[in-house]
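Reviewing the structure listed below.
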């Protein structure tokens, strides 16, 4: 996605803004967007009235997005991260937190635009986590670029405001046109904003929970919000969680949830209950989880 | 055909009871080939569920160590797996405890002898790992090693086998 054939200004020093949309919501994709233009275009850009996308109405955002797409001196690109990808990464055995995912996505956009052949000299980024640490990380990966990492960069720098419009419009469209992967009857599309506090989002979650599967894959299972909906769901125990309970790995982010604790009914279960360990038998059988069964239960 | 095995001979505490596995109607039984999934988690639920509405694994087109990698997800976790055939000469069965047994006892006494019935059969099994790609080192793949070992240990030796051995010995000499 994004603009394609290389404009003549690609070889001039360019600036880029990067912002995200849909980081907080419990459902739908997270979108990283960027907008870039030659440094010489900076003044014109400031006159285009790209405010922080959150302060604009949806129609205004759509309108601005359409006009920046037409602008021959502006390029843009997006990275749409599927909620399945977010859940999978945040619930991996070696968990990847949302900040890490965000950093990777932003860096992916920078390298994509560099590879297309644009000469990026300045990149403005709305911060995720500690701004200075983030800036150091970016500068290390892209030594030729000057990075400005700031809180509320989307309201400070027009190029980031533009990026936030790109990201927000893309996220809204993606959610609006979302096709559920599940073939379940009685689904509806009143997702609301996707933010956990939104009553519409809450009732969508209520309407689409499932005792075994939890939710459709539109939902980010790694969000803490999911836990209250799983209270009466079937308990599922994963090996990765067992290790976590045993101590050591407790650095998981606030939003990440231990699914094993969901619906727990009291006593802890030992791994032997979950799968056969072939205890006391030859190593050949132990490593193959082969157990001698004399009767079934 | 009635298949009856005295499994309890291995357990001297219960010398006079026997478990039955009834394989009478294997031809009429549902074939669940390609629908048996072994998940890397324990789901504390026993019963029916519209699995295919939610669980939609896909082939990735990637082949690793001779295994065609498939991808799916369950409760937000990424699953990677492969479909493995049940070895030749073996059969996958779903067994269910027969309800008409244990009459007069009221409760299903798990320590008593029980009768089992094959309610479904399958010729392959798809096993899933949490995140990690399927490999020949996975427990399920390694468990297949038992079959040739069992054959080597327990298969009656035929005259042909002996012939083969002496032939190969002759060639070496």
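Keep in mind that glycine also has a Cβ here, set from the backbone N, Cα and C atoms.
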Practice prompt. Going by TrEMBL, A:19, A:20 bind divalent metal cation; tell me which of A:126, A:130, A:172, A:198 is listed for that site too.
Written response: A:126
Discussion item. Of the residue ranges A:202-241, A:242-281, which one carries the region 'Disordered' annotation in TrEMBL?
Written reply: A:242-281
Practice prompt. Restricting to the domain 'RNase H type-2' (A:13-235), report the mean pLDDT as a whole number.
Written response: 94
Fill in: binding-site residues: A:19, A:20, A:126 - member with fewest neighbouring CB atoms within 10 Å
A:20
Discussion item. Quick check: which same-chain residues outside A:19, A:20, A:126 lie with their CB within 8 A of the centre of the divalent metal cation site CB atoms?
Written reply: A:18, A:21, A:32, A:33, A:125, A:128, A:153, A:154, A:160, A:163, A:164, A:167
Practice prompt. Reduce the DSSP letter at residue A:19 (divalent metal cation binding site) to three states and note it down.
Written response: strand
